[in-house]
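Listed in TrEMBL:
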type: SIGNAL; residues: 1-26; note: signal peptide
type: DISULFID; residues: CYS80-CYS423; note: disulfide bond
type: DISULFID; residues: CYS294-CYS309; note: disulfide bond
type: DISULFID; residues: CYS443-CYS449; note: disulfide bond
Amino acid sequence: MCMMTLIYSHLLVFLLCVTFQTKCDSVREPDLTGDRIVRPVLDEHKCKRFDEDILRHLGTKTPYRVVANADEATPAYQGCTPIYIAGVVRHGTRTPGVKDADRMRKNLEKIKASSFVPETELESPSLYQDSTRGTICQSEKDHIMSWKLTLESEEGKTLTREGEDEMFKLAQRYQKRYPDLLPKTYANSTFLFKFTQTQRTEESAKHFTTGLFGKDQSRQVWFPEALDKDPILRFYKLCERWKEDVKNNESSKEELIAYKNTAEALFMTREISRHLRLNYTLSYDDVYLMYVTCAFEVAWHKERRSPWCVVFTREDIQVLEYGEELKYYWRDGYGFDVNHQQACVLTRDIFDRFESRKESGQKALFYFTHSGTLLKLLSHLGLYRDAFKLKHDITGQQRRDRSWRVSYIDTFGTNFVFVFYNCSGDLKVLTLHQERVVHVPGCPGGDLCPLDALRQLLGANESCQFATICNSSQSGHYEL
């Protein structure tokens, strides 16, 4: 039996090598003895290609298809009937901002032009004897050398075709789960859809409604006028204390800055520079730009792969991913209390709209917004909170065990949904994140949380004093 398994393994490797037209005769077996599977080590003259594992570690630019829940079954609870649904949705996959696109073109073109220096021209050839990474396949080198940033729109931060598809399919899956709350026939009195004053959220809302009602009926959907600084959908834009203590405060960036100078980050930049056969060492920011470009291009195309992704090992990607998590943990998560405290205005609005449903006739509410809103909401709900602060120097075990992982909790198209149930006269709430049931810490019972208990827990009542929370005179009272 063991001999047959060994023969089958070698046959599979041979077939893969023939398929991808690369020399693999001395590929060693992966090391399974550590805390995670380590990629196979290639001899120095062997080449490597795109690693599919990268798809799950692209930070806030991870495409929603990586986490989407294909199970369309309706969550069923005996004696309980769903009576209202409210969703908060991050826009779908977008293009980079104009400044970021300019940096990609300028900096990556420079890196591209300096890559793959012939061995005779390397300043220290012995430093490039890399036996752990292998060399990049010639076809991948050609792909890098011919790379040019191609955008669907030059306007910056606009929804892509992939983003349209994400919203369309997300709507259809929720409709299949809750057909009584999300019927295929549109009525102004039944639905409310809102978006911020951005192209990416407006188009996300429109493609979501197309998924619900089809092209013809979706043209009839009424949307309220979008606001520049919406007090519910983008509340942090009006929070002076958050701007002073977090957004414009260097203390919110200290951990990321320190992390960029850790031994593992410096080792990564040095190794990637060697891997690209550069005569200089890339900065962390240069490597991060390659990572972001890799992420965007993977998100845009289901089939095509960005040439910049092949530069990274799994270890590189995890180093870069943790840098992303430090950034958003301190800016939008548990790093500062004001980040999540201010999100009570959003939950209060949702609960208030539910309680006024009899007067309005409303059954469904969907807000289309941004990463900053979703992360603050998740933190306000107490989800994905670790027992330790995320810092540049936490232990390896803490890094592996952390719950705060933006590649899962804050992908493009991230969604958080409240479904309100009538359970024999008792009102209860089901909470779903990324289309999966999640339990809000502190809620009594199982999946369904009593409405009054959840509202009290979230401060979604008169105790939510946004003006007090965001008063700039309170600046400096932050948690470190």
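In case you wondered, yes, glycine gets a Cβ from its N, Cα and C as well.
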Check: min Cα-Cα distance from CYS423 (disulfide bond) over disulfide-bonded residues CYS294, CYS443, CYS449 goes to CYS449
Integer Å value for the Cα distance linking CYS449 (disulfide bond) with CYS309 (disulfide bond) is 42
Students should find that the Cα atoms of CYS309 (disulfide bond) and CYS443 (disulfide bond) sit apart, in Å rounded to an integer, by 42
Long-range Cβ list for CYS294 (disulfide bond), cut-off under 8 Å, min separation 6+ in sequence, same chain only, gives ILE54, LEU58, SER306, TRP308, CYS309, VAL311, PHE312
Expressed in Å to no decimal places, the gap between the Cα atoms of CYS80 (disulfide bond) and CYS443 (disulfide bond) is 18
Given the disulfide-bonded residues CYS80, CYS309, CYS423, CYS443, CYS449, the candidate whose Cβ has the fewest other Cβ atoms within 10 Å is CYS423
Simplified to three states, DSSP reports CYS294 (disulfide bond) as helix
CYS443 (disulfide bond) falls, by DSSP collapsed to helix, strand or coil, into coil
